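**Student:** Starting off with a structure, shown below.
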Amino acid sequence: MLRNCAMRLRTLGATPARRPGAARRLFSSEKVIRKDYALPNPSWTKDLRLLFDQFMKKCEDGSWKRMPSHRQNPTRAIQEFQTLFVDSKFKKEEQMSKAQQFTRSFEEGLGFEYAMFYNKVEKRTVSLFQGGLHLQGVPGFVHGGAIATIIDVTTGTCAISEGVAMTANLNITYKKPIPLLSVVVVNSQLQKIEGRKLFVSCTIQSIDEKTLYTEATALFIKLDPEKPLT
């Protein structure tokens, strides 16, 4: 899955994001402020808010960093990625400017509600995830494809800390179904690097760590600017 590599690479060294709010334009600088969807909203349950606050405490000493998350890619990031990796005959800048991140394309509370935190020293990324009602598979439970998506997003953040990368393989073992609207912890860690190959492990557990819902391993490949994707 192609992800917003350029934006996330900047984010790993970025300053904390602003509080949520509709995108607006500042008259002084004409700079657009985009809404950060990785901050609490009214659809978040008490459990998700509590976990979020706990991880924000961990961020205070600098060991963890909260990852901002936006609905649309910055235009500059799109242009940079296409310049490096996309053949000119496939570039559609006007259409791409209207593209949205899949996990942030749902109405509030209906899809992927999550906040992501990154630890550079431990090479870990943790997502606090609440699956909304429009992610249903078997009645009452989160669809397996939605679970795979949040795994891909979380492990991908681990991988791109080492450079622009794309998913090559996801190996997922579903152990227990995840109830809709429940809160789970998606914990991923970069295990090893072999050349351009990045190997990442991942688990999904209940917030009390007593239930293991899913185990996964992922392989990502660092992209070579000398080799276009198309």
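Using the three backbone atoms N, Cα and C, a Cβ is placed for every residue, glycine included.
It should be emphasised that the depicted structure is a prediction, and the values quoted were computed from it without experimental measurement.
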**Student:** Among K31, K46, K91, K123, which is the one flagged in Swiss-Prot as N6-succinyllysine?
**Tutor:** K46
**Student:** Can you tell which of K58, K89, K192, K210 Swiss-Prot marks as N6-succinyllysine?
**Tutor:** K89
**Student:** Based on the annotations in Swiss-Prot, which residue of K35, K98 is described as N6-succinyllysine?
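**Tutor:** So the answer, going by Swiss-Prot, is K98.
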**Student:** If you count Cβ atoms within 10 Å of the Cβ of K197 (substrate binding site), leaving out that atom itself, what do you get?
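**Tutor:** Cβ-Cβ neighbours of K197 (substrate binding site) within 10 Å number 15.
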**Student:** Helix, strand or coil for K197 (substrate binding site)? Use DSSP.
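**Tutor:** Going by the DSSP assignment, K197 (substrate binding site) falls within a strand, counted as strand.
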**Student:** Three-state secondary structure of D152 (active site, proton donor/acceptor) from DSSP?
**Tutor:** helix
**Student:** So the record assigns K175, R196, K197 to substrate. If I measure every Cα pair among those residues, what is the longest distance in angstrom, as a whole number?
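**Tutor:** It comes out at 31 Å between the most distant Cα atoms.
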